[in-house]
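Asker: Sending over a structure as structure tokens; questions will come in a sec.
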Amino acid sequence: MASSGGGNTGAGGTSGLGLGLGLGLCMGEATGDAEEEAAAAEAVGRLATSLWLRLRGWEAVLAAAQRLLVWEKPLHSLVTAATLNGLFWLLSSSSLRPFFLLSISLLTYFLLDLWHPRFLPDVSAPPPEEPHSDSEGAGSGAQPHLLSVPELCRYLAESWLTFQIHLQELLQYKRQNPAQFCARVCSGCAVLAVLGHYVPGIMISYIVLLSILLWPLVVYHELIQRMYTRLEPLLMQLDYSMKAEADALHHKHDKRKRQGKNAPPAGDEPLAETESESEAELAGFSPVVDVKKTALALAITDSELSDEEASILESGGFSVSRATTPQLTDVSEDLDQQSLPSEPEEALSRELGDGEETELAPPEDLLSAPPALSKQALDTEEEGAADKETLLQLSSPLHFVNTHFNGAGSPQEGVKCPPGGPVETLSPEAVSGDLMAPSSTLSPQLCLAESGPVTLLSPSVLPSLPQDSPQALTAPEEEEALTTEDFELLDQGELEQLNAELGLGPEMPPKPPDVLPPPPLGPDSHSLVQSDQEAHAVVEP
């Protein structure tokens, strides 16, 4: 166990040592790279400072040369380019020797150095502490969008150091791989020899001169980016067209292969070759249409409303949905309240009215002489009548016929009293209860009496009860609320006058305080009494 623990400890120590060495090497490489970068920056700074010290009197000349190269003033730049082109072709076409050209160049440099103090002012420069700062570039006479002398010196220094680095790498590659270096140099020289054989050297020199003159213009105005922006749509269109043509050729090639595989035997006639696809292939692209579904979709589409019709219905208070029936909204509720009952409601009211008459038709023995009804029978009849009235109120619309306001309060002379007794013999409770029935109960019968011929009403509408029967039937609270809303209240004087006209004396039992006095008998009430009399006359024989 101890030995195994020792082995594990040794393995852990070895791995830790390897990890430490790896980290040390990485840190050493990072430190070496940082030191190299710092040394390169220091070398660039020293070279830029030395160049700036030598060119500190040429700031104006360098600024003018930059303005000419970037074509800031097109006329001056055009004259300069024409002059340089003329000199180049003059020297190339002359028969002068190279030594003569070299001597002329040295003489020109000597004259410029001699005449510099007279024609070009001496511009004093600040001490070269930070030659690459913007403030010094602005004070050196250059424009803000052009390179100042310190910036130009810095770019030149960086270019020179980059060239030196590449030269050192090339020499190192030559020492390490001499055979590869020799092969590459020989291939490069052969390419230049072939190019010089087909293209004259003077033309190559002219191309180099034009590149030096036009390259600052291209970089300064970003002509390459602008040209690419304008040519990009054309290039994309060309690319798509080439892809389409390649796909078409590939498709034709595949088609020919398939036709070659499916070729008929030698005895059969060859089929006609066409550019279109076969019917089997084209049938795969055509959709399968169901006739029934298509007809149903067309019918639904034809039944839909147009946008104009939908807007008209919506403006009139109808909520319109596509392929549905227009429905009334809350805006048209006032129209429903003012409109007459519809045909289904009238039919329902007729059926309920007929059913009530049929159910309430008394037998013959009850029409002859009204026997004394017990209290229990009266309660049963009262509950049945209340249920039927509630059913009529729920099923039929509410109609109000104010015919009791048209009469003068007294019966007409031509009206005959029923044989069972005159109208005065009826108890005021029965008369008031019968005449003050809810409008929902009397509305179907009154509508039928006014619209069509007079029909015989059952005696249950106006029952002829004896005077001494204690039938002070009290209506439900809902009936009292309806009668209170439908009829106006009468004062005590009018109530006494009506009692005197009806022949009711003070010996009559007092009325309940909640029951209203009977309204005056109008023509409708007389018609009801007459119909009751005719019913009795028909039953008695």
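Just so it is clear, glycine is given a Cβ too, placed from its N, Cα and C backbone atoms.
According to Swiss-Prot, the transmembrane segment annotation covers 75-91, 99-115, 199-219, on the basis of sequence analysis. Marked as region 'Disordered' by Swiss-Prot: 249-282, 331-389, 403-440, 459-481, 496-541. For 250-260, the entry in Swiss-Prot reads compositional bias 'Basic residues'. Here Swiss-Prot flags 270-280 as compositional bias 'Acidic residues'. Positions annotated as phosphothreonine by Swiss-Prot: THR274, THR329. Taken from Swiss-Prot, the feature phosphoserine covers SER276, SER278, SER286, SER306, SER332, SER339, SER342. Among the features that Swiss-Prot reports, compositional bias 'Low complexity' is placed at 459-475.
Thinking about packing and proximity, how do these listed features fit into the structure?
Answerer: Tertiary proximity for the transmembrane segment (75-91) is limited to same-chain residues at least six positions away from its ends with a CB under 8 Å from its CB atoms, namely 67-69, 101, 205-206, 209, 213.
For the transmembrane segment (99-115), the list of distant contacts is 91: same-chain residues at least six beyond its ends, Cβ to Cβ under 8 Å.
Sequence-remote contacts of a segment are chain residues at least 6 beyond its ends whose Cβ falls under 8 Å from one of its Cβ atoms, and for the transmembrane segment (199-219) they are 66, 69-71, 81, 84, 88, 92.
The residues of the compositional bias 'Basic residues' (250-260), classed with DSSP into helix (H, G, I), strand (E, B) and coil, number 11 helix, 0 strand, 0 coil.
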